[in-house]
Amino acid sequence: MSVDNFRLDGKVALVTGSGRGIGAAIAIELGKRGANVVVNYSRAVAEANKVVETIIANGTKAIAIKADVGEIDQVAKMMDQAVEHFGQLDIVSSNAGLVSFGHLKDVTGDEFDRVFRVNTRGQFFVAREAYRHLSVGGRIILTSSNTASIKGVPKHAIYSGSKGAIDTFVRCMAIDAGDKKITVNAVAPGAIKTDMYAAVAREYIPGGDKFTDEQVDECAAWLSPLERVGLPADIGRVVCFLASDAAEWVSGKILGIDGGAFR
């Protein structure tokens, strides 16, 4: 297989929630491989503009578009704008999401709705609009989690459930999207060192609120036989593979990316 099959030259990608963290890394990695990129954000405008600057500095084109993925009309408008600006849309990576922790007895209806609005409903309609806007042979890449179906986590039912739905979406959407030769897959990250990593990682560790940042790192790294914590670029590189011609026969799959932590 030619290495060119991993390039994305001439492609246009849109990444939701890409102003920071994993989404930013996905957008930057797509740009490094030749794609022009739409950087979506909801509130982090300054951060999104920095991601755009980085992509442009690396040699491709990029724009930032504000949209709340929980609002269907905004999602549709964002993709209209992407096609209007670049003339096409080939790759949609749905990354925007919320995290939530809470014991079963304490979870409110408002919290349930807040999380499912973005993580589940939002991703469904991002995928729907992606299907409607993508060129034939396009790519839809959703975001699940390694807590969705592999391992239960205390006080994490709402988040894990919201991501578990993604696994089912992917399997069914891959069938529906086949008529446009569009592949549908998901990445399921484990512990990834983003700007919110230290605070969130403590929730997974019994007594983690008493751990130093270094101890949190050690604990997360211990779970992986590779003995390190994941980085946003680890996710970005896998998304780039799924977006490339090299993955044209991969569809309906959920790829766990956790360094072998859950096995």
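Positions of Cβ are set from backbone N, Cα and C atoms, glycine also.
Noted in Swiss-Prot for the protein shown:
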type	residues	note
BINDING	ILE22, ASP68, ASN95, ARG128, TYR159, LYS163, ILE192, THR194	NADP(+) binding site
ACT_SITE	SER144	active site, proton donor
ACT_SITE	SER145	active site, proton donor
ACT_SITE	TYR159	active site, proton acceptor
ACT_SITE	LYS163	active site, lowers pKa of active site Tyr
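Close to SER144 (active site, proton donor), meaning Cα to Cα within 10 A, are none of the binding-site residues out of ILE22, ASP68, ARG128, ILE192, THR194.
As a whole number, the greatest separation of Cα atoms within the NADP(+)-binding residue list ILE22, ASP68, ASN95, ARG128, TYR159, LYS163, ILE192, THR194 is 28 Å.
ILE192 (NADP(+) binding site) sits 11 Å from SER145 (active site, proton donor), taking the CA atoms of both as reference points. All protein chains considered, the CB of THR194 (NADP(+) binding site) has 20 other CB atoms within 10 Å. There are 29 other CB atoms within 10 A of the CB of SER144 (active site, proton donor), with all protein chains counted.
Residues near ASN95 (NADP(+) binding site) in space but far in sequence (CB under 8 A, at least 6 apart, same chain), listed by position: VAL15, THR16, GLY17, SER18, ILE22, GLY23, ILE26, THR143. Across the structure, ASP68 (NADP(+) binding site) and SER145 (active site, proton donor) are spaced 21 Å apart at their Cα atoms. LYS163 (NADP(+) binding site) falls within a helical segment according to DSSP. A simple way to gauge crowding: the CB of ARG128 (NADP(+) binding site) has 16 other CB atoms within 10 angstroms, across all the protein chains here.
The C-beta environment of SER145 (active site, proton donor), restricted to residues of the same chain at least 6 apart in sequence and closer than 8 Å, consists of TYR159, SER160, LYS163, ALA188, PRO189.
In the shown protein chains, 26 other C-beta atoms lie within 10 A of the C-beta of LYS163 (NADP(+) binding site).
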